């Protein structure tokens with residue numbers, strides 16, 4: 001599949017070498033670079049500063065320099081950027097694997113906070129960055145930009161880089177922070193893409209309250225339908241595999257069906273103009289809760305590693321390309337007469353990102369803490385700082401949206417557009433390298449006892465199969481803690497905010513046990529039929 005992706009990209013690639021074998025040479029070089037990223041990343045595994053994203057960026061930049069010298073300054077890359085390559089081939093396995101292996105108990109326990117950060121927070125950040133861009137850039141000589149361009153800048157730089165963040169934080173060491181940052185990143189990406197599409201669709205010359213309400217309604221419509229499509233795709237795969245028992249004859253069919261159903265959900269969302277990111281993410285969650293338990297043991301191992309491998313290679317592919325494209329001579333030549341302006345624009349964008357994220361993380365964390373009863377469930381100030389910092393990195397989504405808005409097939413000759421593309425590249429490189437390098441030490445400084453936090457904040461097992469835990473539930477809590485909760489007399493406001501959440505959890509578990517898992521399968525509900533999977537060591541939930 002990876003070779004197919006590279007071949008697709010090379011179909012539109014520039015001729016780097018004057019030879020009939022240019023595509024073959026390019027494929028060999030790019031595959032060799034991917035191998036190099038993996039090897040070097042392994043050697044730097046214990047390094048407290050480096051991560052795979054920074055390693056791939058560095059290798060991409062070094063390779064870009066070599067290609068630039070080899071071609072006499074004509075090109076710095078092996079591929080031409082394509083939004084289709086990113087959104088249709090590289091992003092789906094990353095988001096699906098994140099949903100497939102996320103700790104659902106932590107994710108849904110913090111679902112309201114995640115929605116606050118991911119949806120409301122992104123809108124706040126979008127407003128701050130857009131207003132700041134209009135205020136500062138109109139006073140600078142950066143070229144002709146329209147109102148739509150300024151609003152697009154807000155959407156572009158509101159998109160966090162969940163890929164890089166996932167590699168910095170550890171799901172077992174800091175489960176609360178991981179679920180908040182990761183969940184926010186997925187919803188944030190979806191919200192940013194919806195915002196970006198809305199800017200390109202709506203008539204921005206007549207902005208009024210009706211248009212604002214229309215946008216809000218459109219967002220809710222897309223969010224609900226995208227989520228439902230992903231859930232339905234996951235349930236359909238679970239039902240088919242449970243009824244037909246593919247594993248009796250071939251585990252390959254089980255694995256292939258899971259992969260194709262996940263990809264089909266993504267492409268259907270694209271076809272109907274939904275949020276494909278949300279669709280494939282929730283498809284991954286549903287598949288891990290139902291479908292994964294219906295396949296044979298060998299298929300479980302295969303799917304787990306297959307999805308993780310595809311996601312890993314896609315991540316490396318993206319950052320390797322970004323590193324190469326950072327040296328694209330065409331864009332830099334357009335703005336070569338004003339390097340000071342470029343530095344100023346990049347610095348302003350970084351400042352707006354910092355302010356825009358702080359504008360929602362701390363206020364929304366305060367609101368979220370009102371809904372949490374136990375002290376260990378609250379997001380304290382140090383954790384808020386970590387969440388704020390971990391979401392400052394910008395990456396592939398920002399790059400893809402910027403290319404979509406300011407270039408035509410990766411090329412631009414307009415000063416304003418070239419300025420924004422080069423500024424985006426500068427911000428992505430700086431935030432990924434500098435903020436990425438400092439995130440791990442910051443987490444260790446602010447949260448010096450991750451193992452203690454794991455025991456306190458999560459009752460989930462920290463094992464490679466930790467993603468088989470129940471979707472929602474509070475089993476495993478110490479009895480003393482439950483007695484303390486029963487003895488506590490919360491305030492009226494706190495009771496009003498927390499009671500609905502507990503009710504939803506309780507009724508979902510009963511509904512899942514009574515109706516969903518008997519039909520779609522799942523842990524403890526897989527029939528003991530010859531050739532079908534069995535959960536010998538499993539137990540049914542109470």
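From the backbone N, Cα and C atoms, a Cβ is placed for every residue, glycine too.
Whatever TrEMBL says is automated annotation, not expert-curated.
Listed features, source TrEMBL:
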type: TRANSMEM; residues: 23-44; note: transmembrane segment
type: DOMAIN; residues: 31-444; note: domain 'Cation/H+ exchanger transmembrane'
type: TRANSMEM; residues: 56-73; note: transmembrane segment
type: TRANSMEM; residues: 85-102; note: transmembrane segment
type: TRANSMEM; residues: 114-138; note: transmembrane segment
type: TRANSMEM; residues: 219-241; note: transmembrane segment
type: TRANSMEM; residues: 262-287; note: transmembrane segment
type: TRANSMEM; residues: 307-329; note: transmembrane segment
type: TRANSMEM; residues: 341-367; note: transmembrane segment
type: TRANSMEM; residues: 387-406; note: transmembrane segment
type: TRANSMEM; residues: 418-438; note: transmembrane segment
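Contacts between the transmembrane segment (262-287) and the transmembrane segment (307-329): absent, as fewer than 3 C-beta pairs lie under 8 angstroms at sequence separation of six or more.
With pairs at least 6 apart in sequence, the transmembrane segment (219-241) and the transmembrane segment (56-73) have fewer than 3 Cβ pairs within the 8 Å limit; the two do not touch. Here the transmembrane segment (219-241) has Cβ contacts under 8 Å with residues 119, 190-191, 194, 198, 254, 257-258, 261-262, 264-265, 268-269, 272-276, 278-287, 289-291, 294-295, 519-522 of the same chain, all six or more residues outside its ends. For the transmembrane segment (418-438), the residues of the chain that approach it from at least six positions outside its boundaries are 49-51, 53-54, 57, 142-143, 145, 149, 153, 156-157, 161, 164, 168, 319, 322-323, 325-326, 331-332, 334-335, 341-342, 345-346, 349-350, 353, 389, 392-395, 398-399, 402-403, 405-407, 412, judged by C-beta separation under 8 angstroms. Same-chain residues lying 6 or more positions outside the transmembrane segment (341-367) and placing a CB less than 8 Å from one of its CB atoms are 113, 116-117, 120-121, 124-126, 128-129, 132-133, 136-137, 140-142, 153, 157-158, 335, 379, 384, 387-388, 391-392, 394, 419-420, 422-423, 426-427, 430-431. Sequence-distant contacts of the transmembrane segment (307-329), counting only residues of its own chain at least 6 positions beyond either end whose CB sits under 8 Å from a CB of the stretch, comprise 1-2, 5, 30, 33-34, 37-38, 41, 52-53, 56-65, 67-68, 73-79, 81, 86, 89-91, 93-94, 96-98, 100-101, 163-164, 167, 259, 395-396, 399, 425, 428-429, 432.
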